[in-house]
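Asks: A single structure is presented below for examination.
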Amino acid sequence: MGVKVGVLALQGDVAEHIAAFREALAERPGSSVAPIRRAEDLADLDALAIPGGESTTISRLMGKNGLYEPVAEFEGGVFATCAGMVLSADRVDDPRVRPLSLIPMHVARNAFGRQVDSRETMLEVAGLAEPFRAVFIRAPVATEAGDGVEVLARIPEGIVAVRHGRHMAFAFHPELGGDLRLHRVFLEGLEV
């Protein structure tokens, strides 16, 4: 059976998410990936990716485009990266961001500081046999994970990957670099 994935397409690395999910779904007939710009675009989706970008901008645009409540109430799985991790939290250290409260966790924006402090590292992620090349770009970290949240990866700065039910959130960018293992883990989790 096909899987329908939407990518919130207001700002950020939308094209990279669409390409990664298309590749991850290539062997699933009837699957599709589409950009999401309006509330009605969420209908019939199995999953939604909330991309990296600027969390304050995405938060503002979600409100302006009438997407905040529909995304907060979305019943499918959510795959959130970088700014998406910030938005998916229930508590954020920046009052300019209106969190969606999809995952009970506290997130600190831009925990890595300036762009120059961004980095790549080989990261041990629970459930993966081999380390994952994680690209951190002005990344957030979760400073606290609530009840029912499975911490999948940590670095000295904090928690950088979590799962909560059918939702997954990452401080880094799994859509960059061609390693689709986390996309596949997420898609398999939709079937549970």
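Just so it is clear, glycine is given a Cβ too, placed from its N, Cα and C backbone atoms.
Keep in mind that what you see is a predicted model, and the values were worked out from it rather than measured.
Annotation source Swiss-Prot lists L-glutamine binding site at Gly53, Glu54, Ser55, Arg109, Ile137, Arg138. Swiss-Prot lists Cys82 with the feature active site, nucleophile. What Swiss-Prot records for His173, Glu175 is active site, charge relay system, and it gives sequence analysis as the kind of evidence.
I'm curious about the neighbourhood of these features; can you describe it?
Replies: Other Cβ atoms within 10 Å of the Cβ of Ile137 (L-glutamine binding site), summed over all protein chains shown, number 20.
In the three-state DSSP assignment, the secondary structure recorded for Cys82 (active site, nucleophile) is coil.
For His173 (active site, charge relay system), the same-chain residues 6+ apart in sequence whose C-beta sits under 8 angstroms from its C-beta are Asp13, Glu16, Gly52, Thr81, Cys82, Ala134, Val135, Phe136, Ile137. Following the DSSP three-state reduction, the secondary structure of His173 (active site, charge relay system) is coil.
Long-range Cβ contacts of Glu175 (active site, charge relay system) within its own chain (separation 6+, distance under 8 Å): Asp13, Glu16, His17, Ala19, Ala20, Ala49, Pro51, Thr81, His183.
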Asks: I want the residues beyond Gly53, Glu54, Ser55, Arg109, Ile137, Arg138 whose C-beta is within 8 angstroms of the mean position of the L-glutamine site's C-beta atoms, in chain order.
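Replies: Those within range, site residues removed, are Gly12, Gly52, Cys82, Ala83, Val86, Asn110, Ala139, Pro140.
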Asks: Within 10 Å of each Cβ, count the other Cβ atoms, then let me know which of the binding-site residues Arg109, Arg138 comes out lowest.
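Replies: Each of the binding-site residues Arg109, Arg138 was scored; lowest Cβ tally within 10 Å is Arg138.
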Asks: Of these recorded positions, Glu54, Cys82, which scores lowest on Cβ atoms within 10 Å?
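Replies: It is Glu54 that, of the recorded positions Glu54, Cys82, has the fewest other Cβ atoms within 10 Å.
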Asks: Pairwise over Gly53, Glu54, Ser55, Arg109, Ile137, Arg138, annotated as binding L-glutamine, what's the top Cα to Cα distance to the nearest Å?
Replies: 13
Asks: Other than its own, how many Cβ atoms are within 10 Å of the Cβ belonging to Gly53 (L-glutamine binding site)?
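Replies: There are 20 such Cβ atoms around Gly53 (L-glutamine binding site).
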Asks: So how many other Cβ atoms are close to Ser55 (L-glutamine binding site), meaning within 10 Å of its Cβ?
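Replies: 28, counting other Cβ atoms within 10 Å of Ser55 (L-glutamine binding site).
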